[in-house]
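Right, one structure below, let's go through it.
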Amino acid sequence: MVFRRFVEVGRVAYVSFGPHAGKLVAIVDVIDQNRALVDGPCTQVRRQAMPFKCMQLTDFILKFPHSAHQKYVRQAWQKADINTKWAATRWAKKIEARERKAKMTDFDRFKVMKAKKMRNRIIKNEVKKLQKAALLKASPKKAPGTKGTAAAAAAAAAAKVPAKKITAASKKAPAQKVPAQKATGQKAAPAPKAQKGQKAPAQKAPAPKASGKKA
């Protein structure tokens, strides 16, 4: 991010240490590179010179002329409502929490510890509930009817087993028929041989004719 907190007239600053630590002031004039003339009419800080080391610049800027009187500074402060805006910032909330923690006793710290444990337990239980709900939404069919799906899977497996057997039998049947056909083919082969044998006696038929002539 671009740095925008520059030292200028009207810039509101937070006093980090010194006699006015924890208060807000507005820069009225710049004396030199180390000091500035500041005024805090609404924070009970009189106009005085203050080193920049004591100040931390904020994002708030007031509109008043150079070296303006306290009256104009107060009017600009109230018009911008700096006090409420500052109280709503994270910076002010952290400072307040740090101060509150520094003032805590042992019993207060014990109560805080017990409260944190209860909070963590509640959060953990809620997270588990949300995780279970997410799982149920992700798999609505599997979660409610696991038994039905198991039975359906068993039935499908049982149905597949005889189907496989039938297909195996159907595959084996043609394999058995093929050798049968081959056997018949082998048996048919001798038939022509027998026919050839029959042709031989047909060729021998002239023998009786010869015997007829002799007769």
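Glycine too: its Cβ is placed from the backbone N, Cα and C atoms.
Around LYS85 (N6-succinyllysine), the same-chain residues at least 6 positions away in sequence with a Cβ under 8 Å from its Cβ are PHE60. The N6-succinyllysine annotation in Swiss-Prot covers LYS85 (among others).
Look at Swiss-Prot and you will find LYS124 tagged as SUMO2 cross-link, backed by a large-scale study or a structure entry. For LYS124 (SUMO2 cross-link), the Cβ neighbour count at a 10 Å cut-off comes to 10, with all displayed protein chains included.
In this chain, no residue six or more apart from SER139 (phosphoserine) has a CB-CB distance below 8 Å. For the recorded site, SER139 (phosphoserine), the DSSP three-state label reads coil. Annotated phosphoserine per Swiss-Prot: SER139, in sequence order.
If you look up Swiss-Prot, you'll see 161-215 marked as region 'Disordered'.
Here Swiss-Prot flags 171-190 as region '4 X 5 AA tandem repeats of Q-K-A-[PAS]-X'.
Annotation source Swiss-Prot lists repeat '1-1' at 171-175.
Annotated repeat '1-2' per Swiss-Prot: 176-180, in sequence order. Per-residue pLDDT, averaged across the repeat '1-2' (176-180), gives 49.
Annotated repeat '1-3' per Swiss-Prot: 181-185, in sequence order.
Here Swiss-Prot flags 186-190 as repeat '1-4'.
Taken from Swiss-Prot, the feature region '2 X 3 AA tandem repeats of K-[GA]-Q' covers 193-198.
Marked as N6-succinyllysine by Swiss-Prot on the basis of similarity to another entry: LYS204 (among others).
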What DSSP gives for LYS85 (N6-succinyllysine), in three states, is helix
